[in-house]
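Engineer: Under the heading ATP binding site, Swiss-Prot lists 11, 59, 87, 93, 104, 114. If you look up Swiss-Prot, you'll see 117 marked as active site, pros-phosphohistidine intermediate, on the strength of sequence analysis.
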């Protein structure tokens, strides 16, 4: 197993429902360490930059609208096989298909309002972390 970092977002729907602490508890209980975190309210420009790979897709405008609708929590997680472990903890994108006990099965309202985001590869983790956090803001534990 390899020590790695992944990127996570607690999305506006979960922040609005005061689920940050519950989600952080699950992250830490799963053996992942939060090594950087902050609350931000994305501008349309920031959302466009972060989700640039989806520009031109039919869901892009709605995605930007949702992700700019309220504050989000962004965090860097660190641990053994952090990417795979966090993706398992999140559950499938569609909460109806997510395994019982996963974040999305328990908290997601819909496929769009699915409470959390997590990087899907080492490359996307590096890009997403760099988008929000300079290395000086990450505190290995």
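Each residue, glycine too, has its Cβ placed from N, Cα and C.
For the listed features, I'd like the structural context: burial, neighbours, distances.
Structural biologist: Look at residue 59 (ATP binding site): DSSP puts it in coil. Within the same chain, the residues at least 6 positions away from residue 59 (ATP binding site) whose Cβ sits under 8 Å from its Cβ are 112, listed in sequence order.
For the recorded site, residue 117 (active site, pros-phosphohistidine intermediate), the DSSP three-state label reads strand.
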Engineer: Counting only residues 6+ away in sequence within the same chain, which have a CB under 8 Å from the CB of residue 11 (ATP binding site)?
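Structural biologist: Non-local contacts for residue 11 (ATP binding site): 66, 67, 72, 113, 114, 115, 116, 117.
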Engineer: Out of 87, 104, 117, which of these recorded positions shows the lowest number of other CB atoms within 10 Å of its CB?
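Structural biologist: Among the recorded positions 87, 104, 117, the lowest count of other Cβ atoms within 10 Å belongs to 87.
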Engineer: Rank the binding-site residues 93, 114 by the number of other Cβ atoms within 10 Å of each Cβ, and give the residue at the low end.
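Structural biologist: Candidates: the binding-site residues 93, 114. Fewest Cβ atoms within 10 Å: 93.
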